[in-house]
Amino acid sequence: MDSDPQTIGLMVFGGFMILSAVGIALVSTLSMKETSYDEALAKQRHQLIQTQTQKAEKKKKNKAKRKEDRPDGKFSEPGSDGGEEPEGVTCTEPESEPEPATELDAAPNPSPEPEPEPEPEQEPELAVVTGTTIRSAPAPSPKKKKKSAKVEPAAVMEKVTKEVLVMALAPVVGVSPVNVTKEPSAAKTEEPKETSSKKKKSKNKPDPVTDSALLLPYGELLTAVSSMTLSDDKMHKLMEVLNQKAGVRQDSWQLACQRGDPLAALKKQLEEKDKLLTSEQEDAAVIKSRLRELSKELGAEKSKMASLEARLKAELSARVQEVDTLQTRMRTGDQEHLKLTQQLNQKIGSLQEQLENGPNAQLTRLQQENSILRDALNQATSQAESRQNTELARLRQDCVRLGRELTKHTNALQSDEEQRKSLEVKMAAAEQELARAQLVHADTEHALQQQLEEVCSQLKASQQEAAAVSELQEALASREAELQELKVQLENQVTIQGSGSETESEQPFESLEKDSLLLRLEEELQQTRNHGNELQEKMAAKAEAFSTAERLSEQREAELKAALTDSETRFAALRLDFQASLQVLFPGVSVEAEQNDWLELFTQKVEQSKIEAETSHSELQSRLHEADRKQAELEAESDHSRKLLQEAEAELEALRRRSEEDKNVWRQKMSEAEQKKQTVLDQLQLLEDEVQRGRTGMEDTRQLKEQLMLLEAQLEKQLEEAGFAQSRREELAQARQEVLQLQTEAGRRSAAALQEAAVEVKEETPV
């Protein structure tokens, strides 16, 4: 059993070490530096340049040897039949190669190639270049074999570069037969010295082409083409190649004569190359984006591998820690096992001692502890009951006192409300009387004002009449003065008439007019006198009426003044009574009686006092509600504490019963143990007697040993029961502590609640 966890821990540790080694190896292989796309292209370009230079040197050497072998130094013409065969070879070669290039859409940007020259010298060079690219491509294969499946993008990129090179070289090879017929002036990029040497090379070139490329027979080529499934682009390319081939054989003399056609062909080739370049650039952009995505994925994979490695390391360290903890646990288990064995040995020794000493001392000790516990429990219950009773009595007294104060406050509030209502009724009646007095005063003032206005109007009319009379008197006086003057004139005239009759005869009409005038004036004077007399009579009547009206108005004014003084005195008395009643009603509101708008100020202050009283009343009600709530809470807490006390008492009673039952059981067991002990002692005595008598055989000794073992087992049972009593004792002590804690908590809560209630009552009393 001890060796199993160790072996398991070692196996787990070895497994995690292997897993960590595998993870580290994977991370190291994945984190190796890979060759990028640009580096691969640069390597391929370097290899191509090297191979081209080597092949150019070889070709120069071969040409020099051929010139030495041929003394004539003549070459076949470009339009001969010997030159047509290699043209067919060069035309058939591009048709077999573009198939893989069309299948791959995403091709990288090809390496910069030299411009096509008009001479057919490039055909073997390009073919050799494609061969060298295909051969040089597997060079980094040993590195890729080590990188397993995640290094596939590099191989794909190399294949794509190969196919791009084939695509770029195929149109050059297809157009080379046409360039054989061009003149040296068509190649603008080449110098004139190079053209003459290249013409000589082109005459010697068809032999190695025919040697290097083997043509299929016509029947096999036809069957192959008929059995192939070609796309539209491939069909067009095949048709163009066949047309070019047929045109070269039939119209070779026309091509020789027409010197403008090579330029058109070059233009077409340039356009096609531009198109190919654009398509290849697009493909290169796509491949670059794909490379970026792949690099991102590779970085994500690297981060994942790093996190996985860290997690594996953390798990490995955790497992190492677990193995260490297992080892420590095993060691501690061994130590505990040793301790247990030692304890068991000590217990065996103590049992032997107990067998020797007996359980009487333990029983006496248990009885003493039980009695002590009983006394302590009785004291604790009596103290708790006394404290609860005192607290309940104090709480009841406080509740009664608070209830009395509450009733007092409610009665005072009710009396205040009744007084306020009666005073409001009195104030309303006084206000009504005031309003009536004000109405009567206003009516009397209005009547007196109307009488005064009538008297004034009459006075004005009498004054106007007096003015008219005075005017008439003045007119009479003026008329009398005129009459006196006329009389004087008449007398003068009479005297004048007496003095001379001649003048009277001359002026008869004037005297007549004057007489008539005098008569008229007399009449008018009489009329005015009559009118003046009438006016004087009227004036006298009016003066009598005015004097009577003045007397009446004076009497009325005196009456009105007396009524006004009476009303003012009554109003002042009412006002004083009203102010006194308001002051009695609202002693806290003080307003000066001399102010004119004292009623408005008093009403405002009364309203303010009402609002304050309402707020204080609401506060008192809220405080009363809070006191009721707190009283209910206190009652609930007291009920809860009572319930807890009852539960504690029930638990104590149960513990008492259990302790008594245990005591009875223990007494019975002790009596039984004593009896068994006595019997065992008797048996031991008998056995000793038997041993001393005979010691006859081994069977008796075995029986004695078995009996001793049984006695030891019984003693062990008794010791276990003693341990049960000890646990009961501990439970009693815990229950006692819980009861004390509950009592202290109940005392604290009740004291805090009483303090809060006392503070609230103190705060409420001045209000």
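One-based numbering along the chain as shown.
Here the Cβ of each residue, glycine as well, is placed from N, Cα and C on the backbone.
Automated prediction, rather than curation, is the source of TrEMBL annotations.
Annotation source TrEMBL lists coiled coil at 263-311 (among others).
What TrEMBL records for 363-493 (among others) is coiled coil.
Annotated compositional bias 'Basic and acidic residues' per TrEMBL: 66-75 (among others), in sequence order.
TrEMBL lists 114-124 with the feature compositional bias 'Acidic residues'.
Per TrEMBL, the feature compositional bias 'Basic and acidic residues' maps to 188-197 (among others).
Taking the domain 'Ribosome receptor lysine/proline rich' (32-166) as a whole, pLDDT averages 50 in the prediction. Marked as domain 'Ribosome receptor lysine/proline rich' by TrEMBL: 32-166.
Marked as region 'Disordered' by TrEMBL: 48-155 (among others).
What TrEMBL records for 171-211 (among others) is region 'Disordered'.
For 613-643 (among others), the entry in TrEMBL reads region 'Disordered'.
The transmembrane segment annotation in TrEMBL covers 7-27. Nonlocal intrachain contacts for the transmembrane segment (7-27), taken as residues 6+ away from its ends with a CB within less than 8 angstroms of a stretch CB, comprise 305-306, 308-309, 312-313, 315-316, 319-320, 322-323, 326-327.
Residue counts for the region 'Disordered' (613-643) by DSSP state, with H, G and I taken as helix and E and B as strand, are 31 helix, 0 strand, 0 coil.
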